[in-house]
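Chemist: Features from Swiss-Prot:
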type     : residues : note
TRANSMEM : 5-25     : transmembrane segment
TRANSMEM : 35-55    : transmembrane segment
TRANSMEM : 81-101   : transmembrane segment
TRANSMEM : 114-134  : transmembrane segment
TRANSMEM : 144-164  : transmembrane segment
TRANSMEM : 180-200  : transmembrane segment
Amino acid sequence: MGHYVSLFITSVFIENMALAYFLGMCTFLAVSKKVSTAIGLGVAVVVVMAITVPLNNLLFQFILKDGALAWAGFPDIDLSFLGLLSYIGLIAATVQILEMFLDKFVPSLYNALGVFLPLITVNCAILGGVLFMVERDYNFGESVVYGVGAGFGWALAITALAGIREKLKYSDIPAPLRGLGITFITVGLMSLGFMSFGGMSI
């Protein structure tokens, strides 16, 4: 149990997708203007990562990995070269289902996220989470915890940035730094803050 708690805390704080690896920056910067929208997108990313990382773990372990098809009578087949294509396809299918669900049951959030909901499909934070899972050879349980933790870490970062940007609207910022300029500086300072977790031993 302690191992899973450690993995969760590590994926949220020490190896934060947005502030340690700078993954998913497109939507991270574009949808962080309002806290309500940022929370909505953050929840969507958590749900997608919690589903796609474990599903891609099963896909890798039982179909793509070298010797994975032994259960089907093909022990010598290695389909790992199809990994990237397969992972993106599974992520795209999951996002499409989530988009249809939100359109049907939560139309206000669907309209607020707008074009950025389909962009979750190509959000490199989600693909990065899947690739890290494969590279680190996580089992199914670890991939579930890692998917939830990595998604929660990204959601935490975008919500915090949105809160700061809402406060910055009322600040006297020099004209050349307004907009993305001060946002990049803010993200850099946030990432420095998260670097302090790097020395933690869990």
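Just so it is clear, glycine is given a Cβ too, placed from its N, Cα and C backbone atoms.
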Chemist: Among 5-25, 35-55, 81-101, 114-134, 144-164, which stretch has the highest count of C-beta pairs below 8 Å with the transmembrane segment (180-200)?
Modeler: 5-25
Chemist: State the residues, same chain only, that lie 6 or more residues beyond the ends of the transmembrane segment (144-164) and have a CB under 8 A from a CB inside it; answer 'none' if no residue qualifies.
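Modeler: For the transmembrane segment (144-164), the list is 4, 7-13, 15-19, 23-24, 27-28, 31-35, 37-39, 41-43, 45-54, 125, 129, 132-133, 138, 183, 186-187, 190, 194.
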Chemist: Looking only at residues six or more beyond either end of the transmembrane segment (5-25), which have a C-beta under 8 A from one in the stretch?
Modeler: 45, 123-126, 128-129, 142, 145-146, 148-150, 152-154, 156-158, 187, 190-191, 194-195, 197-198, 200, 202
